[in-house]
Amino acid sequence: MVDFPGYNLSGAVASFLFILLTMKQSEDFRVIGPAHPILAGVGEDALLTCQLLPKRTTMHVEVRWYRSEPSTPVFVHRDGVEVTEMQMEEYRGWVEWIENGIAKGNVALKIHNIQPSDNGQYWCHFQDGNYCGETSLLLKVAGLGSAPSIHMEGPGESGVQLVCTARGWFPEPQVYWEDIRGEKLLAVSEHRIQDKDGLFYAEATLVVRNASAESVSCLVHNPVLTEEKGSVISLPEKLQTELASLKVNGPSQPILVRVGEDIQLTCYLSPKANAQSMEVRWDRSHRYPAVHVYMDGDHVAGEQMAEYRGRTVLVSDAIDEGRLTLQILSARPSDDGQYRCLFEKDDVYQEASLDLKVVSLGSSPLITVEGQEDGEMQPMCSSDGWFPQPHVPWRDMEGKTIPSSSQALTQGSHGLFHVQTLLRVTNISAVDVTCSISIPFLGEEKIATFSLSESRMTFLWKTLLVWGLLLAVAVGLPRKRS
């Protein structure tokens with residue numbers, strides 16, 4: 001018999017034979033699950049099942065249900081009791097072990113009140129002593145949402161714009177338009193977003209060139225359930241409504257506001273009309289979620305974007321004349337950009353665009369000397385708290401721009417910019433230079449002046465002082481030794 005250093009071959013053979021004799025063979029221990037995906041509707045209960053073969057009791061076998069990691073299970077059943085220590089938090093109190101069938105190796109787990117987050121793959125894992133087996137199951141969650149709503153914008157130069165909206169769908173639905181003959185119409189834009197519950201909101205926009213004799217349908221299709229919901233709009237009928245002949249106006253110039261100030265977004269109907277029975281909506285680029293929605297005399301909080309909650313106030317003193325102002329409290333850099341103001345009644349709306357420019361003048365620039373490179377100093381100009389991104393040139397006393405050696409603009413967590421710029425001092429004959437930080441469209445700037453000549457003299461005197469001290473030490477040491 002051949003022996004390897006530190007290893008006994010006869011002992012290894014004995015261990016191998018022991019394992020063969022004690023290990024359960026895979027052909028005698030199998031786990032099977034459903035042959036097809038399990039379909040469950042949002043809000044319903046789902047039953048996940050699997051079976052141990054050959055059929056035998058699973059009372060003293062560990063059964064573990066998990067999603068992706070066995071260490072964080074959906075449910076664990078061991079020695080006849082539920083084990084909850086490592087259970088995923090989102091399944092606590094929402095899963096139920098079904099006892100029926102465990103004597104024959106059948107196990108089942110019921111998940112109550114199915115949500116979109118439950119969609120996907122699950123694993124059923126058996127552990128009995130030294131052997132384990134598992135199988136996977138696919139749970140398909142589906143939900144039919146609301147029937148689509150079709151909103152029509154009053155006629156414009158390019159035709160009539162239709163916006164189809166639907167919410168509460170899962171998975172992501174398909175939205176398409178059809179004419180009166182059932183032929184597909186091409187949407188000009190589509191938008192989908194998942195809400196906090198995982199359900200989809202869908203929006204599709206269509207432009208109809210010939211609105212004189214058209215009925216148009218919008219259909220929303222669930223690809224899992226192969227079911228759909230639809231709505232039809234008659235354009236000639238809608239063109240006779242009140243809002244089709246009105247216009248919405250807003251400020252002709254951009255609205256300028258500084259960070260921390262309150263924003264005023266005003267829009268009004270022309271000619272004047274009472275808007276008390278209308279829906280008025282301010283949004284960014286899509287109808288949902290919105291900045292603020294007024295409907296039936298009240299604010300609709302459920303449609304509001306999270307970043308505007310608690311920050312909007314509607315001024316409706318002149319609502320009977322069709323004039324409304326939305327106040328957004330304490331402007332932030334993220335508020336900067338385009339807004340839309342929409343008046344809607346009987347699914348017909350008119351809109352105006354508003355351009356909001358949020359600005360912040362930062363701190364006065366500070367110039368420090370960062371040392372030297374190739375025998376020259378490196379003046380650095382820095383400042384905090386700017387928005388939008390500022391313009392940061394160095395200039396000589398004649399106003400001519402001097403190229404910087406580097407410039408860094410970083411945006412902080414609140415959206416404000418911090419700027420740092422280093423001056424290229426090589427071959428500069430200027431005595432003084434300025435660091436100017438400005439926001440071009442605001443027409444304001446902050447300036448700091450730096451004297452190169454004084455800094456060179458200060459730098460020279462510091463250098464001479466250091467050399468003088470070194471020389472004194474060098475001369476004094478030999479005398480002390482003597």
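These residue numbers are counts, starting from 1, taken along the chain as shown.
From the backbone N, Cα and C atoms, a Cβ is placed for every residue, glycine too.
Remember, it's a predicted structure, so these values are computed and weren't measured experimentally.
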Candidate in C124, C132, C218 joined to C164 through a disulfide, as Swiss-Prot lists it: C218
Disulphide partner cysteine [Swiss-Prot] for C341, chosen from C267, C381: C267
C50, C132 - which one Swiss-Prot pairs with C124 by disulfide: C50
Nonlocal residues around C124 (disulfide bond), in sequence order (Cβ under 8 Å, 6 or more apart): V31, G33, L48, C50, V63, R64, W65, V107, E134, T135, S136, L137
By Cα-Cα distance, the member of recorded positions C164, N210, C218 nearest C341 (disulfide bond): C164
Using Cα positions only, nearest of the recorded positions to C267 (disulfide bond) (C164, N210, C218): C164
Distance, C218 (disulfide bond) to N210 (N-linked glycosylation site) (CA atoms, angstrom): 17
